[in-house]
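Chemist: My questions all concern the structure below.
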Amino acid sequence: MQIPFVTYFAEYLGFFIAFFANLTLIHLILTRTRQNFGSYKYLMLWFACFSLWYSIIDILTQPAMHSYLNSYIVFCASWFKYDPFLAPIIITSYCTSYGLTLVLLAIHFVYRYIAMIHPNQIQWFKYPRALIWPSIFIVIAIFWWCNVYFLLSSNATFNAYLNNTIYENYEERIERLSYIGPLYFITTLVTIMSLGYAVYKKMQSVNDMVAEKTRALQKQLFHALVLQTIVPIIFMYTPTTVLFICPIIGVELGVIANMTSICLALYPALDPLVVMYFIRDYRAFLMKKLRLTRSVSSVTRNTSITKHEEDII
C-alpha cells in the first residue's frame, strides 16, 4: 500500500508522545492536584484517559484518507486492514473517538461556564448528578458508532465509484479494505466559542471578588482550556472541514488527503503537553524532575479557600 512515509512516521511519533505524555498527565492529576480543583480534577482525568485511548485506537487504525471527485473515504491501513471482522470495528471506533473528543471538550466548557456564571448549579458536576455527563457521553458514543458502522461503511456503490482510483494510488482492491465515507462530525465549535467567551467576560468582572491564588488558578485553567480549543481547531476541525468541503465543490485531493491523518495523529500528543505547561503545579513538578529548577513546593497540602471561591474554580 503506497501511503506516504510521512503519514506512518506521524502516526508512530504521535502515538509514542501521546502515550507517555498522557500517562504522565494522569499521574500528575492523581498526585499533584490541589484540593480546590474540586470536581474539575475528575473532568481533567476523564479527558486525559480518553486522549490516551484515542492515541491507541489511532495507531491500531493508522487511518489513510483519499479524496476523489465528489467523495472521500477513510480506511484502515494498519496490520488489521484485511481482517473482515476487526477492521470494520477498528475504523468505526476511530471515527467515533474523533467525534467524542470534541464532545468531551465541549463538556469542559460547560463546566467552566456553570462554575463561573451559575455557581449555584455546580451540583450538576458533583455526585450523584455528575453521572448525567458520562451517561450522555455513552449514549452519544453508541449512537455515533452505530450510525458510522451501519450507514457509512463499505458498500457496493462506493466500491464501484472508487475502485480504480484506490488501485492506481495504493495498489489495493477497495473491496478488500474496510472504510467509511464520508466522515461526519458533530458541530461543537459554536458551543465551545460561545461558552468560552462568556467565561472570559465573567473572569474579568470577578477579579476583585476572590483571592489572588484563586484568581491565578482560574487563569491557569482557562488558558489551558483555550489552548485545548485552539489545538483541535488547527489539528481536527480545519483539516476535516477541508476534507469534507472539497468533494462538495469538486476539488480532488487524492493522496494529499492523508495530511488530515497526520494532523489527527499529532493532536493527542499535543493536548496533554498544553495542560502540563499551563497548570503551574504540574509544570513545576516536571521541571524539578527534569532538574530544570531547584525546588518545588508541595501541592498536596490544604489550601485556604472559601466555599464561594471553590465553586468558581
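Glycine is treated like the rest: Cβ placed from N, Cα and C.
If you look up TrEMBL, you'll see 12-30, 42-65, 85-111, 131-152, 179-200, 221-250, 256-279 marked as transmembrane segment.
Each of the listed features needs to be described in terms of its position in the shown structure.
Modeler: Beyond its flanks by at least six residues, the transmembrane segment (42-65) meets 1, 3, 7-8, 11-12, 14-15, 18-19, 22-23, 25-26, 29-30, 33, 72-78, 80, 90-91, 93-94, 97-98, 100-101, 104-105, 107-108, 111, 125, 130, 134, 170, 243, 257-258, 260-261, 264-265, 267-269, 271-272, 275 of its own chain at Cβ-Cβ distances under 8 Å.
Note on the transmembrane segment (131-152): residues 46, 88-89, 92-93, 95-96, 99-100, 103-104, 107, 124-125, 180-184, 186 of its chain, located 6 or more positions outside it, place their CB under 8 angstroms from a CB of the stretch.
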Chemist: In terms of Cβ proximity under 8 Å, which residues at least six beyond the ends of the transmembrane segment (85-111) contact it?
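Modeler: Sequence-remote neighbours of the transmembrane segment (85-111) are 39-40, 43, 46-47, 50-51, 53-54, 57-58, 60-61, 63, 74-76, 78, 125, 133, 137, 140-141, 144-145, 148-149, 152-154, 177-180, 183, 185-186, 188, 191-192, 195-196, 199, 225, 228-229, 232, 236-237, 240, 264, 267.
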Chemist: Cβ under 8 Å, sequence separation of at least 6 from the ends of the transmembrane segment (12-30): give me the contacting residues as numbers and ranges.
Modeler: 41, 44-45, 48-49, 51-52, 54-56, 58-59, 265-269, 271-273, 275-276, 281-282, 285-286
Chemist: Sort out the residues at least 6 away from either end of the transmembrane segment (256-279), same chain, that have Cβ-Cβ distances under 8 Å to it, and list them.
Modeler: 3-4, 6-7, 10-11, 13-15, 17-18, 21-22, 24-25, 28, 44, 47-48, 51-52, 54-55, 58, 62-67, 72, 98, 101, 220-221, 223-224, 227-228, 231-232, 234-236, 238-240, 242-243, 286
